[in-house]
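Quick notes on the structure that follows.
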Amino acid sequence: MTTPFKRVHLIVMDSVGIGEGPDAKAFDDEGSHTLKHTLEGFEQSLPNLQKLGLGNIEPLPVIDKEVEPQAFYTKMSEASVGKDTMTGHWEIMGLNIMQPFKVYPEGFPEELVNEIETLTGRKVVANRPASGTQIIDEWGEHQMKTGDLIVYTSADPVLQIAAHEDIIPLEELYDICEKVRELTKDPKYLIGRIIARPYIGEPGSFKRTSNRHDYALKPFGRTVMNELKDNGYDVIALGKINDIFDGEGVTESIRTKDNMDGIDKLIETVQRDFNGLSFLNLVDFDALYGHRRDKPGYAQAIKDFDERLSELMNHLQEEDLVIITADHGNDPTADGTDHTREYIPVLMFSPKMTDYHELTIDSTFSSLGATIADNFGVKLPEFGKSYLKEMGVEK
């Protein structure tokens, strides 16, 4: 079957929102605007994002409006009730999540802690939101002496369990995480991911190892990725995409170390011969800068991404379509450390297209999945609509 585009490269700039969503008040996120507030006072230009028309979606500092943008552009609000990474990505791929995952800014409830201790025969310590390196520095020596489980969370719906590899062997830690995964499927907890976080070393020089393992929930329904895979298309997951979807609908998974490594891996993937979807998450915007409210770091990360775009464009083939978007906001100037309920930007371009213009603003991220499904001639998701016709794409 001949498709309009042989390959679609979907890039999610994790948390790079473009202004408060229509229901931001319900999430206490009125006034949030990740891109605008991040770039205020930033003194460097972003020529590639400007050229594509990012400044045409919303007035932004350092990004002027383009008379002839080099991409289709629009923004989308989220239909699902959550503002976390899993919900955003699942909605992009066609699902509408009506029961939000739960976050635990005060730590996990005593009832759950007691259940974990009974289930594992080990005591739980820490039990609060923290960065992984910080919590291991704080509790690592204690864990080595006692064999307790260092349990912590973040602004995302995750439960992380850290243990020294010499004290709790990997297989036991993985077994513990599998048990906790089953336990937290209970709707009263509904935690998105359980993460094993092994570490090594001595007090003062602890180091997390690459033996991390994620135990995610499977998507609550079939996604566009399932449809693509079942119809013989490649679905190449880069970065944490495989974890977000628990491997569902993925034909190949490629790990990345950080944003720049993610772009490297994407460019390598673009240079291969495949037919289908490559799906990249760039997590640093969110994990390193948004949650930590590091506005200068966030702005520089956007600049670094902008600089790599020309390199990516140089490797594109005629039959490629690139989609750049986000999954939620995380305004580094907002109170607290949580995500913000925002519109997401959408930029779509291809070497074989020239007549670019604004697209209709949509009320669900699923229209991205619908566009991808429509391109490859597979079943469209229940939610969202394809943009191909509005883009002037002949099928």
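The backbone N, Cα and C atoms fix where each Cβ goes, and this holds for glycine too.
Swiss-Prot lists Asp14, Asp327, His328 with the feature Mn(2+) 1 binding site. Neighbour density for His328 (Mn(2+) 1 binding site): within 10 A of its CB lie 31 other CB atoms from the protein chains shown.
In the three-state DSSP assignment, the secondary structure recorded for His291 (Mn(2+) 2 binding site) is coil. Summarising the annotation, Swiss-Prot assigns Mn(2+) 2 binding site to Asp286, His291, His339.
Non-local neighbourhood of Asp327 (Mn(2+) 1 binding site): Val12, Asp14, Ser15, Thr85, Gly88, His89, Ile92, Asn281, Ile344, Phe365, each in the same chain, at least six residues away, with C-beta under 8 Å from its C-beta.
Separating the Cα atoms of His291 (Mn(2+) 2 binding site) and His328 (Mn(2+) 1 binding site) is a whole-number distance of 12 Å. Candidate binding-site residues: Asp14, Asp286. Fewest other C-beta atoms within 10 angstroms, Asp14. The binding-site residues His291, His339 differ in how many other CB atoms lie within 10 Å of their CB, and the one with the most is His339.
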